[in-house]
Every structure is written in structure tokens, then in C-alpha cells.
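Q: For reference, the structure I am asking about is given below.
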Amino acid sequence: MSDDKKYITSEELKKHDKQDDLWISIQGKCYNVTDWVKEHPGGDIPIRSLAGQEATDAFIAFHPGTAWKYLDKFFTGYHLKDYEVTEVSKDYRKLCSEFSKAGMFEKKGHGVIYSFCFVTLLMSLSFCGVLLSKYFLIHMLSAALLGLAWMQISYLGHDSGHYVMMTNRGFNKLAQILTGNCLTGISIAWWKWTHNAHHVACNSLDHDPDLQHLPVFAVSTKFFKSLNSSFYGRELTFDSVAKFFVSYQHFTYYPIMCVARVNLFVQTFLLLFSTRKVPDRALNILGILVFWTWFPLLVSTLPNWTERFLFVLLSFCVTSLQHIQFTLNHFAADVYVGQPEGNDWFEKQTSGTIDIACVSWMDWFYGGLQFQLEHHLFPRLPRCHLRKVSPIVQDLCKKHKLPYRSLSFYEANVWTLRTLKTAAMQARGLLWEAVNTHG
């Protein structure tokens, strides 16, 4: 051990996990990011989730090689005395390096232009069907096409949120606002806020917002203890209302998914008009105003309120296939309570994700996210490479005896409903116990 180096232990590093004293370790070097967390492009939540920990694997997953040069100004002068790299992490970092050298993070293929053309076609057909036809069935077909377009648009928004899919960052931000706010009515700022937290704390019941759906859903009986959400900063109260809804969640799952989009609209407004710091707030609000101008105007051209209602409902129902897919990837996977740990990054991703098996010609329908584990391990990897790297990831999981779950769409639905039913039956027991107790 060199005398000119200063060292601290992992236990000492853990003490620096507060809002006004926030350190992380990357490759054994300790960095003070207390002030930087407020400016971090990925938001403050991912860094706060890994505060006081070794976070090398997470840093590698989310940042290009050019990000390393910015670390020096945050270096505290301390090294981690007990810094060790597990065999799993060694193999993971080796894969990341190999993919980077092969240029896979930069080679995006032609998927973006194909997707934009497909979305343009779907939107054009939907608009023409509404504006140029008087037939009810054509109007309903137009609604279905609009729902399908929203699905594809969301995949583009997802891509642009994880890596620069356009020629530069300026055009990429424009694509984010266009695909998210203007065309779907869902703020890209809200998506980044929740999605980055989800990636870092995959399937942590108290840190991952994608599992926090009380009073409607509870994927684990651990929610019955009214956990505190570190993401929302409040208690996830499991009260009598939650007991009732959760008791029947395996029946209400699909109907709620059909109108889940309404919740995304609400969440968008709650964030954009909150006191929380929101990047590009004005641009996000402007994009939302664009959506809430063209969409109501389009619906208003339909001949009566019955058709208008059915048009909106059917478009939401088609898009619900995407909402269902996202829940299939995680609801039936392993969960845990507590802060994510940076030194088991690979393991947490394998335990918290489920892939959806499909033939290659259906990749467009799932937006590449059927390879959920591959995407979680390599979030910057363009979707055109996910199928190629899947066998490599499977081999690595097999080597280290880690789970790799790939289910058909039908099997994933069965698993998810079984998970919901298991929690529902226990919640129902608590509900009837409360009824009997209080008469």
C-alpha cells in the first residue's frame, strides 16, 4: 500500500450518504458529488440511491467513455481501502469494454428512420380515417392505429432518453419533446425522473417507482406494512381502501391497464406544475399544450359523443398492450426492500427482470424491450443490438449461476396474474379480518 495515498473503508464511505454530504466510489476512488447531484443530467435520484457506495458498474452502464474525464474534479483524494471486484463484475465490465471497442454503442442502425416513417404512416392513416370518413368502423380502426402509433412513439422516446439517437444532443432533445410531450401527452421530464430511478433500483419495493402502485396494485405482501417510498418521499399507506383494491387486483389488472394512460397524464401535470426542479420545464409544458390541442380537436371532429368516447377508449386499450408488457417485465420478478447496492449491480438486474420471448420479426412490436435484462445491463445499447447480445448474456448468467428468465407473452401474463393473485388472497384475508373485527 503506497504511503502517498489516503484510504477510507466501505463502512466509512457509507457515512457520506446524506443530502449535504454525498460521496460515491468508482473503481476504488471516492468522489464528492454533493453539489454535482443538483446538475446531474440523469437527475438526482440515481446518485442518491447509490450514495455512500461503490458504484462502478452503474456508472459504466449509464455513461459513455467520455464521462470519465469529468470525475477528477470531484475526487476527494481518498481511495477505498477494501475495494474488491467480484468475478461477475469483472466479466460484466469486460463485456462493456468489448461492446464499446466494437462501436456497438454508437452503431444505431436504421431503426430510427424506419420507426419515424412507420409512425408517420400510422398517424396519417388515423387522421385520414377520422377526417375523411363517416363510417363508424373506419373511425374505430383509426383509433386502433393511433394507439399503435403511440406505442411506437413511446419506444422512440425511450430510445432518445437512453442515448443520443439523433445526429447531436440538440436534435435528440427535440426528438424527446416531439415523441413524448407533443405526440403522446406524456412528459419526457417525468419519464426521465421515474425511469432512471427504476433502472438504478430495479424492483426495490421502496426505491423503484415502477412497483409503487398503491392503492391499486401490490406485487408483494411487503407492501402491507405501509413502506416508505424513498422516491416519492412519503408513506405508501396500506389502508382499508388499498386492502379492498388489492384484494381483487388479479381481476382488475387488465381493465386498469386499459385506462392506465390517464394516470400518466395526471403524473405529467403533477410534476410539471410542482415545486420540484424540472429540466426544460417550459419546453415540456409547451409540448404538452401541443398534445392537448391536436388530440381534443381530432376527437371533436367525430359525429357524436358515443363515438368520441369509444375512439378514446379504444386507442387507450390498444396502447395498454405496451403498459402490460412493461409490467410483465418486472411484476413477477424477484423484489427486495432497501437501497440498491452498487457492488451487486449485475445480480440485481438479473433477479429483477423477465424477458419476453418472441420471433425476430416481432421485435418492432416490443421496441426491443422484450430483451429487458439485456436492456437493463446495457441501457445505452441501441435496440438493434439487443438480440445479438442476448446469447452472450445468457452464457454469463449460466456461468455465474444467475437467473435468466425468458417467457412467452402468454407465460409472462400467467406469472404476473399468479403474483397478483397471491398478494390479493392475503390482502383479502386481512380485509375480512378487519370487517369482522369492526363489525
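Just so it is clear, glycine is given a Cβ too, placed from its N, Cα and C backbone atoms.
Pulled the feature table from TrEMBL, pasting it below:
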- 5-89: domain 'Cytochrome b5 heme-binding' (DOMAIN)
- 111-132: transmembrane segment (TRANSMEM)
- 138-158: transmembrane segment (TRANSMEM)
- 170-191: transmembrane segment (TRANSMEM)
- 253-273: transmembrane segment (TRANSMEM)
- 285-303: transmembrane segment (TRANSMEM)
Q: For the domain 'Cytochrome b5 heme-binding' (5-89), what does DSSP give as the number of helix, strand and coil residues?
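A: Residue counts for the domain 'Cytochrome b5 heme-binding' (5-89) by secondary structure: 32 helix, 22 strand, 31 coil.
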Q: Using a Cβ cut-off under 8 Å, which residues of the same chain at least 6 positions beyond either end of the transmembrane segment (285-303) come close to it?
A: 127, 130-131, 134, 139, 177-178, 180-185, 187-188, 268-269, 272, 311-312
Q: Looking at the domain 'Cytochrome b5 heme-binding' (5-89) alone, can you tell me the average pLDDT?
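A: PLDDT averaged over the stretch: 91.
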